[in-house]
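Quick notes on the structure that follows.
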Amino acid sequence: MKILYPGTFDPLTNGHLDLIQRAEKLFGNVVVAVLENTSKKPTFELSRRLIQINNAISHLSKISVISYEGLTVDCAQDVNANLILRGLRAMSDFEYELQIAHTNKSLNSEIETIFLSTNTNFSFLSSSLVKEVAKFGGEINHMVPEAVERDLKEYFKKN
């Protein structure tokens, strides 16, 4: 069974990484799909985010990382995944993610969305929050993989 885990991952957090590891155990093959959203200016270019994720998952054998543009259901179909993984931190995430899941189902009835609650150790994490803490010099080593921490510190030193 193959599951698609889509997101912008700008940057990858330990919460994302935890979901990837748990999904590998539950579903086998996991495709991490990094969205290139041309309407937003990301902190890290797509190529850097792909490197960050590949570095963080190098110890995992059933994970692949790709980039995509457009509809997530089209990406899932392209990689032959009939499941889409979404992480839930709070009830507010559920309301938003459920709308997206219903939209995806209306576009492709063969694809199901699976929700996994985040590990309580990471339930407060978001990429936006991590960037905010890093911007003001706060400690983020418990929030992101080591390489992402280095990249964020370097980014905010320059900007």
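Backbone N, Cα and C atoms are what each Cβ position is placed from, and that goes for glycine too.
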ATP site partner of Thr8, Phe9, His16, Gly87, Leu88, Arg89, Phe122, Ser123, Phe124, Leu125, Ser126, Ser127, Ser128 (as recorded in Swiss-Prot), chosen from Glu24, Glu97, Glu112: Glu97
Residues that sit under 8 angstroms from Leu125 (ATP binding site) by C-beta distance, when 6+ apart in the chain: Thr13, Asn14, Gly15, Arg89, Thr118, Met143
Binding-site residues near Ser127 (ATP binding site), in sequence order, restricted to Thr8, Lys40, Thr72, Arg86 and a 10 Å Cα cut-off: Thr8
Most distant Cα pair in Å, residues Thr8, Phe9, His16, Gly87, Leu88, Arg89, Glu97, Phe122, Ser123, Phe124, Leu125, Ser126, Ser127, Ser128 binding ATP: 18
Per-residue Cβ crowding (10 Å cut-off), top of binding-site residues His16, Lys40, Arg86: His16
Candidate with sparsest Cβ neighbourhood (10 Å radius) among Thr8, Ser123, Ser127, the listed binding-site residues: Ser123
